[in-house]
Amino acid sequence: MTAVSALPTRQALIAAGERPRRFGSWYVAEHRIRSMRAYATTLIVTSFANPAVYLFALGIGLGSLVNRSSGGGLGYLAFVAPALIASAAVTVAGEEFTYPMMMGFKWNPIFFAMNAAPISAYQIVNGMVIAALARILPTAAVYFVIMVLFGAAPSGVAVVQVLTAALTGLAVGLVIMPYTASIEEDKGQMAMIQRFGILPMFLFSGTFFPLTQLPVGLQWIGWISPLWHGTQLGRVFNYGMVEPAWLTVIHLVYLLALCAVGWRLARRVFARRLNK
Amino acid sequence: MTSTPTVPSLVPPTVRPRLLGALYAGNARAVVSRGALATRSTNYLVVLSGFFEPIFYLVSLGYGLNKLVGTVETTTGQPVSYAAFIAPALLAVAAMNGAIYDSTWNVFFKMNYSKLYSGMLSTSLGPLDVALGEILLALARGGVYAIGFMIVMQVLGLNLAWTAILALPAVLLIAFGFASFGMAVTSYMKTFQQMDWINFVMMPMFLFSATFYPVTVYPPVVQVIVEALPLWQGVELVRGLTTGALSIAMLGHVLYFAVMIAIGLVFTTRRLRALFLD
Amino acid sequence: MPQAVISAARLTKKYKDFAAVDGISFEVAPGESFGLLGPNGAGKSTTMRMVGAVSTRTSGELSILGLDPNDAGPEIRSQLGVVPQQDNLDQELRVRDNLIVYGRYFGIPMRAIGRKADELLEFAQLADRAKSKVDDLSGGMKRRLTIARALVNDPRILLLDEPTTGLDPQARHILWDRLFRLKEQGTTLVLTTHYMDEAEQLCDRLVVVDKGTIMAEGSPAALIREYSSREVLEVRFGSDRNEEVAAKLAGIGERHEVLPDRILIYSENGEAELAKIHAAGYRPITSLVRRSSLEDVFLRLTGRSLIE
């Protein structure tokens, strides 16, 4: 420790703040990724086992029933795979944008510790998003590799799905984030998000069958669901599903818009909660 | 033994030799009623939400895939609609999930964090009282979910035979099996990371156990493996009862769960005694 | 007084209609050890959060190292070390990793941070616990780790919010020793406390805060001189009789305070006053003569005890 005597000059003070101002978001992400290491084995095993199990059970197992009845035609495996890869990204987002928020504000209030260092509220939000992406992107990439091994990705541009799936996960995560970050007391809200948000979204977003198979009264769930837009986008790339170009654009714009709005709201919630 | 009226005897008035000695005080009730009280302070919506999970699956897949799949044959060769095929499987899964949640994560927290069991076992309760009490609680929850789901199946016309009513005791048996086995496994767990492995087992079992399609789509080797899984046994048992496709093999499924319950209880009791009483 | 490192003028923080901090003014000189003394809810923590540039003031002026926290939050926080009331160490990381991760927030390069972490673990007497989980540390160790973490950026000002609340006596003394060393090295300390012994041990100068306003200011000795007598005689006549007896002791000592369990008699010579009481024919159950403390200053200023 060095003894501190004279007051620093204004320039020296501004200079000391420069690195945190520029790289703060990355420091937060670095922190979060370090704490993920405790779960590394689980994360790695899940990211390989999940796609194998789901593609086998649903793509091939359930697919054999569907293909038999609908007389072949479009392979069910190629149809369901884009939904599964997007769902996997959503699942990871559902973990990264729920409990870690409650954790950082309440159970182990490290967000306040970060903020007491030169890190701003918006940098904490960015850092958490970057860290989530650091899990979502590899998950989607591994998923895609296993899709290829299963022969579930026929198109040459199918690899774009890694990005569309990650975007879907991010959109869901950023919609959840402003809410989970504002929870003051855990009364099971996280379980409710899972059961009344993520699960119905997984089941009613045209994942296992085209949305049109559902009664019109239930189809709206798909229209507002980021997972449906992400899945349809994935299908366009995975096997060249035919849909009007404007619809493809809508899928993309919708997902981007959710991200932008969620991100902004999350920053506001964080700033308000940290500045008490 | 002589005792004066002023000095109460330290020996309990009736000491009858008990079958299980120090393991069982015949008071699992106390553990159950403590659990029932604790449930009061939890969020009812969260408890209730567990009931919706299988219904979401049923509505989604039952509606959405009905036309695409058409009819499916049960193990006995009886053709049924796709919704009628998956409904009993979801019922068995609901029982399993309710039982597993209460007997794994809940038990894990009580054992390692709230230190509830060491407190209980410092009273006159024995390890078997605790094990039985916790398992009965898990059963109750699984049973409530199952009854609700049965009503939904009845309303949607997915109970195809009168034997469907027998699915209720069958579901309780299944829940009992999973709860006692789940608690036994949990009693050996030390860390969160180890607990994650339970999910690794549950998830594929949920997908592979003839839940969404008959086991015959697999190659013969895989079929044998799947048929050894408890969930497949449970699904087959319940499906036979709700669709009326009865067979002698169902007795085998019942026996399977009886053995599972016994193994679970024995190991849980031994482990709790080793952890808290030795 | 040299140029102040912290200067607050009419500093105010309102939550809706409630003023947690109600127009307080103070200055802290470089190297000084400055205390905010007051009961729970006096506005100490809110003041600390404003000085820590994490809570926006409602009105008034505030300048830290010549910068306004409204524009230069990150720059100010780069020069501060903060020890919050509740430990907020990262329980998912091990002891040493907590220091490393925190150092990164100040932009300290990877190369330098490892050495710094080891140095701080040594200072906090935690070198042998580097690989422990945070949860396995005792309360005193967690506090020391939090202080080590606050020092990772060689702060010019260290903010400590009730640093020893909840610690056992031995852990408090170890902590005071560490803080005293920092003070010797020239670090400016700002601390809140509701323990007068802590304030007397650590503070060169302090303000007594109550209900969001400053009641008095000065060094511990000066405050005691100004607001209390040299000695205090404490006498007990039993909970039901204190009030009644106190009324009859008028004229003994300079001043009385009647508490539910005892009577405090302020005087330059406590033994002499005790003799007068005996002479008057009263026999207290217990009696005690002690030196005046900041507790007495607070009682005088507010009519209430510090710790309730």
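Cβ coordinates come from backbone N, Cα and C, glycine included.
Annotated in TrEMBL:
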TRANSMEM  A:38-62  transmembrane segment
DOMAIN    A:42-273  domain 'ABC transmembrane type-2'
TRANSMEM  A:74-93  transmembrane segment
TRANSMEM  A:132-152  transmembrane segment
TRANSMEM  A:158-181  transmembrane segment
TRANSMEM  A:202-225  transmembrane segment
TRANSMEM  A:245-266  transmembrane segment
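In this chain, the transmembrane segment (A:38-62) does not touch the transmembrane segment (A:158-181); fewer than three CB pairs sit within less than 8 A of each other, excluding pairs fewer than 6 residues apart.
Note on the transmembrane segment (A:245-266): residues 125, 129, 167-168, 170-178, 181, 226, 229-230, 232-233, 236 of its chain, located 6 or more positions outside it, place their CB under 8 angstroms from a CB of the stretch.
Long-range Cβ contacts of the transmembrane segment (A:132-152) within its own chain (Cβ-Cβ under 8 Å, at least 6 residues beyond either end) map to 29, 33, 36, 43, 47-48, 50-52, 55-56, 59-60, 77-78, 81, 84-85, 88-89, 92-93, 96-97, 158-159, 161-163, 165-166, 169-170, 173, 238. Tertiary neighbourhood of the transmembrane segment (A:38-62): same-chain residues 76-77, 80-81, 84-85, 88, 135, 138-139, 142-143, 146-147, 150, 152, 208, selected by CB-CB distance under 8 Å and a gap of 6+ residues from either end.
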